[in-house]
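K.L.:
Next up is a structure, given as structure tokens.
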């Protein structure tokens, strides 16, 4: 026979602490990668930071709420603690919605930077608009469910006011969860199609597609939360009954922020492993990733830094979708080893047809013309 847990507060504390830590580490690494390594801090990064800030407030409110009764039965709490706990619970919901709105916007903008086909861009725009519009409506609905708003918690201490039927909130939350799942899975699957025609080998395509799609994992927490939504109508024992909603809402946002940041860290990992591999060398690469424009897309290119053996990478380019362009492959001033080939300073590497086969070295400066055809 299963003994019911009488205090679920520690579970809320543990989940909030875990994802607050993970998301903070992830956002720090993302910020470092985008500012220092790639040197291109875009709108998607700004919205990711905004989402994280809202999530910090969310976790702070949730943790504070635990100290005032969240996760405990009403019968086990002093009467004076119940309205305080409800106030902190109420404070969590608006910042939860704002965090997820910012997160969806960040992921959408990130994917728009690598999307070229009109169909893909239209799908992404549709997801962004639907998610943001309904998110704003849900935000207002929750904030205005009680008039005045403080009646949400003062109703237990004889306050005056009124609240709408809890069934409306429950139904709206079901719709919000469904839209959130749809958005997560759409933004999670579409990267596979985005990288399909990029100039990279199949293994790289697979790894990049999986990294970009990892954000869909957040929808798992949303799905698990759905059965708990009905407990929002348990007014008599609200702080205990809604613990499941609190735990999985925290997990959903925490996973989403962490996963979306991981999707941007590939340049950082490549730089780290390159420097580790070259640790015994007295001359290490000072900068692997060239600075790029703010509205650049992602395509495979060669870095202008000849010191890097990892120039064959996804970099930000300003010429995505344009027909024609000139790439100048500059030389190096020291020995560079690439795979099993080693060439001395002053020699240049000419890479044609986006393949490692047929690569050769020639003296002098090699200028190649690359033509990229936009697909619709």
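Every residue gets a Cβ built from N, Cα and C, even glycine.
This is the feature table in TrEMBL:
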- 347-358: compositional bias 'Polar residues' (COMPBIAS)
- 29-270: domain 'Rhodopsin' (DOMAIN)
- 341-376: region 'Disordered' (REGION)
- 12-33: transmembrane segment (TRANSMEM)
- 45-68: transmembrane segment (TRANSMEM)
- 88-110: transmembrane segment (TRANSMEM)
- 122-141: transmembrane segment (TRANSMEM)
- 174-196: transmembrane segment (TRANSMEM)
- 208-226: transmembrane segment (TRANSMEM)
- 238-265: transmembrane segment (TRANSMEM)
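I would like each feature placed in context: is it buried or exposed, what are its neighbours, and how far apart are things?
P.N.:
Within its own chain, the transmembrane segment (88-110) has Cβ neighbours under 8 Å at 42-48, 50-52, 54-55, 57-58, 61-62, 64-65, 68, 70, 124-125, 127-128, 131-132, 135-136, 138-139, 142-143, 149, 152-153, 180, 183, 187, 215, 238-239, 242, 246, 249, 252-253, 256-257, 260, 263-264, counting only residues six or more beyond its boundaries.
Within its own chain, the transmembrane segment (238-265) has Cβ neighbours under 8 Å at 8, 11-12, 15-16, 18-20, 22-23, 26-27, 29-30, 33-34, 45, 48, 51-52, 55, 58-59, 62, 65, 69-74, 77, 82, 85-86, 89, 92, 96, 99-100, 103, 106-107, 110, 180, 184, 211-212, 214-215, 217-222, 224-225, 227-229, 231-232, counting only residues six or more beyond its boundaries.
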K.L.:
Who are the long-range neighbours of the transmembrane segment (122-141) in its own chain, taking Cβ under 8 Å and residues 6 or more past its ends?
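P.N.:
94, 97-98, 100-101, 104-105, 108, 111-112, 115, 168-169, 172-173, 175-176, 179-180, 182-183, 186-187, 190.
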K.L.:
Using a Cβ cut-off under 8 Å, which residues of the same chain at least 6 positions beyond either end of the transmembrane segment (12-33) come close to it?
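P.N.:
Apart from its flanks, the transmembrane segment (12-33) reaches 41, 45, 48-49, 52, 55-56, 59, 62-63, 65-66, 70-71, 243, 246-247, 250-251, 253-255, 257-258, 261-262, 264-265, 267-268.
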K.L.:
Across the domain 'Rhodopsin' (29-270), what does the mean pLDDT come to, as a whole number?
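P.N.:
Averaged over the domain 'Rhodopsin' (29-270), the predicted model reaches a pLDDT of 89.
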